[in-house]
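This report refers to the structure that appears directly beneath it.
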């Protein structure tokens, strides 16, 4: 365990150095974090934007968590969280940092979750539930603060896919991901509260961007229309930031080749 954690920290410091080089080249894209509970439809939301050629989509690296040199850390964490939570969240931090610093050839980047939700929702839950020892929580919190103090990983916008716990619980059972079969409704309810505390109630100081709230309880036939309603705000804000900031990529072509219809303002906190 000690050797694993030391190797993780060394790799994170390497990421910090390389990220500094990248950001000095004025290549930071307009960045959107797509946040929400388990089963809230984050991947589906990203897929909706695949038709826009100037947007890079970065999905949550679940497959990396399911296969680290043959070890399924996600499964180990769900089956024995008291033993594996620290190891799992350490690796989550590394893989999420990889996503944050990944070079993006387009002027817009959509990310499924972030280091912020890892800290303020998942690590926070592990601490409150007693899954993490206070010393382990302190280590993870220090890693988070080291990363956020050394690297600019803030977003320009957060899209919060707001759901009802009972709705996503049924979705989780239907998608039948093997590691999630032991997840109780109470866990989903607690994660929901933590997302609300972070993004709606602002109980933590570090909500790094304005929040666009979408109703993600809708079924698949209706949710596409809800996603379309968000297109204009996301793309309009992207154009504004890309065109007005010297620290952003200048688009070589329009942000989108598809027509965007102006819709009434959605709720932005």
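Every residue number used here counts from 1 along the chain in the order it is shown.
Using the three backbone atoms N, Cα and C, a Cβ is placed for every residue, glycine included.
All annotation found in TrEMBL is predicted automatically rather than curated by experts.
In TrEMBL this protein carries:
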{"type": "DOMAIN", "residues": "33-233", "note": "domain 'Deoxynucleoside kinase'"}
{"type": "BINDING", "residues": "36, 37, 38, 39, 40, 41, 42, 43, 44, 171, 172, 173, 174, 175", "note": "ATP binding site"}
{"type": "ACT_SITE", "residues": "112", "note": "active site, proton acceptor"}
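There are 25 other Cβ atoms within 10 Å of the Cβ belonging to residue 36 (ATP binding site). Mean model confidence of the domain 'Deoxynucleoside kinase' (33-233) amounts to 92 (pLDDT, 0 to 100 scale). For the binding-site residues 40, 44, counting C-beta atoms within 10 A of each C-beta gives the highest total at 40.
Spacing of residue 44 (ATP binding site) relative to residue 112 (active site, proton acceptor) is 10 Å (Cα to Cα, whole number). Each of the binding-site residues 42, 174 was scored by how many other Cβ atoms lie within 10 Å of its Cβ, and the smallest score goes to 174. Under the three-state DSSP scheme, residue 44 (ATP binding site) falls in the helix class. Between the alpha carbons (Cα) of residue 112 (active site, proton acceptor) and residue 42 (ATP binding site) lies a span of roughly 6 Å. The full span of the recorded ATP binding residues, 36, 37, 38, 39, 40, 41, 42, 43, 44, 171, 172, 173, 174, 175, taken as their largest Cα to Cα distance, is 18 Å.
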